[in-house]
Structure formats: structure tokens, C-alpha cells
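Beneath this line is the structure, given in C-alpha cells, with notes to follow.
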């Protein structure tokens, strides 16, 4: 069961209550705090598109604490981040693993952050196949194609070669915030309130 806090705000018309995510959205903050699936991806995409429509010139802050999840759902969010006009600052708190790491790296260059105790993990996509051999072969080819595409995206955002990324993602590759900075997934390790000044 998921409990969502409610925030009460005083306005000139009286009190107004918001669920915490709606209140954060008012400040152009989107929070990705679950495993990534199609439903979550659609919610995040809708928030990004709403914020772009509201003010296409003002930054959006995407906070990430996710173990990863569906590659196709993550790619839908990735494409949206690249598509919209506002800069998207990405901030890892806790973890950005697998597809979460891809989204962390996809933020606007110079605006990708992690808190000091955050961890980042990259690896190749995983999948399972059942059924006829011909169907299994189709799914394996698609998985290999997705792996290559993910490696190309990480290469684009980190500055590492596709060959280096391919080697690194053969197994789970864990990084501290400082190591993610050295790798090129983030641009800065931040601490208390530093982001508000940027």
C-alpha cells in the first residue's frame, strides 16, 4: 500500500490541499521513485509535457530513485526528455540503476547531479523467452538490438566509446556518485541546497 502525503497551502482564498507530487509539480519537480513500467512512464511523460506547455523556457528537475525496469518504458521517457524544449536537470538520490541510470545521464549536459551517497548501476538489458525457436530467435535479436541502442545512448551522454560501454555493461557495473561523475553519467556531486542556486 502506498501512502501519499497531502500538503496544505495557505492562499488568499483560504486553504488548498495538494497531494505531495502535485505540490512538487508546481515547482517544476518531477519525482521518479519506483521501478520503471509503462504506467509510471506515461505519468512522467505527461508531467514533462505539461511543464513544457506551462513554460517552455524554464528548467524541469527530475529526481530519480529507481532500480530501473522496463527498457521500452524508459526509452519513452528518454525520448521525451530529449524532445521537449526546457532543460531537464536530473538528480539521483538513493539509486539510479539500469534504466534509471540511462535517465540520469539523459539530463541536460551540465545539469546532471547526484547526492553524495547515491549509487548508479549500468548493465545490459535482460529478458526471458519462451515458445517456439523461431519466436525466441526474434526476441533475442530484438534484445541485442536494444542493447546496442542503449550502449549508443550512454556513449552519447557520457563521452565514452560504444566499445567501452559494451565492455562495462557485460555485468552489473556499480558506481558511487564520485565514480559516476568520473564516468560522465553526471556532471556534479551536490550537497544541501546547492541545486537551488543553479
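Backbone N, Cα and C define each Cβ position, glycine as well.
Record features (Swiss-Prot):
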type	residues	note
ACT_SITE	98	active site, nucleophile
ACT_SITE	123	active site
Rounded Cα distance, in Å, between residue 98 (active site, nucleophile) and the residue listed as 'active site' is 6
Note: in the chain of residue 123 (active site), residues six or more apart in sequence with C-beta under 8 angstroms of its C-beta are 98, 169, 171, 172, 173
Taking all protein chains shown into account, the Cβ-based neighbour count within 10 Å for the residue listed as 'active site, nucleophile' is 27
